[in-house]
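Record features (TrEMBL):
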DOMAIN    5-104  domain 'Cadherin'
DOMAIN    105-213  domain 'Cadherin'
DOMAIN    214-323  domain 'Cadherin'
DOMAIN    324-428  domain 'Cadherin'
DOMAIN    429-538  domain 'Cadherin'
DOMAIN    545-657  domain 'Cadherin'
TRANSMEM  662-686  transmembrane segment
Amino acid sequence: QLHYSVPEDREPGFSVGDLAKDLGVEVRSLAARNLRLVSEGGQRHFQVDLAAGVLLLDSRLDREALCGQSPTCSLHLQLVMENPLQLHRVEVDVLDVNDNAPQFPKPEVVLEITEVANPGTRLPLEVAEDPDMGSNSISTYELSPSKHFALSVNVRGDGVKMPEIVLEKALDREKVPVHHLTLTALDGGNPVKSGTARVTIHVLDANDNPPVCDPPISKVLLEENVPVGTLVTKLNVTDLDEGPNGDVEYSFKTSNNAPGKFTKLFSLDARTGEIRTKAPLDYEESSAYEIAVRARDKGSPAMEGHCHLRVELIDINDNSPEIVLTSVSSPVQEDAAPGTVIALIGVKDSDSGDNGQVRLQIAKELPFKLVSSFKEHFSLVTSGPLDREKASGYNITVRAVDSGSPQRATQKTFYLRIADVNDNAPNFSSPFDTAHVQENSLPGTSVFSVSASDPDEGNNAKLSYSILDNGMQDAPISTYFRIDQDNGTIYTVRALDYEQDKVFQVPVEVKDAGSPALSSTAVVHVFVLDENDNAPNIVYPSVPKGSAFHQAIPALAEPGYLVTKIVAVDADSGHNAWLSYQLQESAEALPFQVERRSGEIRVAQALRESEDSHRLVVEVRDNGTPSLSASVVIVISPEENSVQDFSKSLDLPQPSSEDTNLTLYLIISLVSISLVSCVMFGLAAAR
């Protein structure tokens, strides 16, 4: 809080104070920090020179117009700076200058005094007025020289000097019926200023006892907001005269320059001297009133006395506190550090004493707290971590309670939005997924759609998908699959071959658009489903295409004799690799048969001695849809000199080493595929 003072007679542009120096900031940073001036009274009397960093007077000040008769005159300003947000209070005292001369309510005062008045009789005079304060106000009074009269100055309870003319020597109306004097009021300024009034005193006969107020100066305490018509006091005035000379009438004593605001608030019974309220009284408007009452009798000439009453109001708690939001920083980043200033809050209460003491509090538990900056000003700061994903904003209710009895409270609610920062990585719905795709599917076939979510918002929640290369295949995984970066759908890049690759591990990465970007990964296991795209391959007998296999048997071979065995394999799997053997239909009945599952060719009926060679076409067919097949031609020749050899009939021709290796490879492949399938199905079931 800064404090300056300025005399009231300075011209606009006068330098009031060096803000940059007193605030401890560099002049060149004032413009960047958007230094601005806010007047609490709504009137602009000052301005800030950002180039020089000083507070300048914007208009000529008139202390009397601004503060009236208040002993102190201060103007309150607020300086607001940003980056960081700060509020400073400036209090400027307006110093009084002796620019007003004392002035009497009337230029001429006419007084009357009976010739029988005793020395010491006092004639009250109207008080001169000087708008200046302190030493510049009225200091003393002087009276022109007189043989009969002198001047006495009394000090009222509020410090006002009251002049009275005192009779020092008995009067003789027959010698001097009228006395002309000059009353001068002097102030304490430098140079001294003065004002005068002509005083004419008429010397009269008869009524020689004026009304007397007992006590002449009194004080009454009265609560504000009492009902209209409440009795304030009854004046105690006595007059020793009898008859009309002792009959007193009361009236308010006012001046032309200051008619007296109390006349609008109080009424006076002219006959009884009772003073009552006639309008509501407000402590906040004025805490005390000075009432002057004239008591005049009905003698001839009439005599009067003066009563002075000071009415002091007792404040009651009739004003609720007022909350002023000077500045609010919304939104605030969710990663704001504890102690970050959110808002600047001011509070005021027009009551006084305990009724005007205000406590500020937050209505419910929130990650914020109030810190007192200086009198009646608070800063709302963060007291804990913020998380936009848990609370995207707060309705903050600030409650102000005074210390009166009964207490009065006010509350104000404002909304604070929390701005998002990229503090959450995208998250897949599952770290592992399983998909199936038919082999030989066209490029661009949709395989699977992965899904991820990000609790952040805006660009921090904008997701893009990509495939990572895991190096598990001979070729990069991107040559097999691609992914839509917006929706996470995985497509094939080329036709897949089950016989070459039966399963793929496709690592998928999702990344948000925050800064810095955050990401996570998931693995999609893509199983290639077999298609019947391979015909059976006859391993034994192995004959060139278009040739036949010749097999000799005994001419007297009996039924059941094993002629030979057809061995075939299919590169497909499952049903597509289940093989069946059969003889193609021929025009003549053949004495041979083929076992459907084993491929063994046996003699079905006894052979005749005269039979020639037999030509058989054996067809091997798989179980796929559509079914594929292969065939081999076998020529069986009976030999007359051949003897049935049961041991031979039971022995199969030994395959070559090449055929044996191929069979071993097929068995190993089938076992591997079965194991991989079992493991993957087990993982899927566990998930």
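The backbone N, Cα and C atoms fix where each Cβ goes, and this holds for glycine too.
Secondary structure of the domain 'Cadherin' (545-657) per DSSP (helix as H, G, I; strand as E, B; remaining residues coil): 9 helix, 46 strand, 58 coil. Within its own chain, the transmembrane segment (662-686) is flanked in space by residues 432, 434, 502-503, 525, 527, 539, 569, 573, 655, which lie at least six positions past its ends and keep a Cβ under 8 Å from the stretch.
When the domain 'Cadherin' (429-538) is classified with DSSP, helix, strand and coil residues number 7 helix, 48 strand, 55 coil. Across the domain 'Cadherin' (429-538), mean pLDDT in this model comes to 89. Tallying C-beta pairs under 8 angstroms between the domain 'Cadherin' (5-104) and each of 214-323, 324-428, 429-538, 545-657 places 324-428 first. Broken down with DSSP, the domain 'Cadherin' (105-213) shows 3 helix, 54 strand, 52 coil.
DSSP places the residues of the domain 'Cadherin' (324-428) in helix, strand and coil in these numbers: 4 helix, 56 strand, 45 coil.
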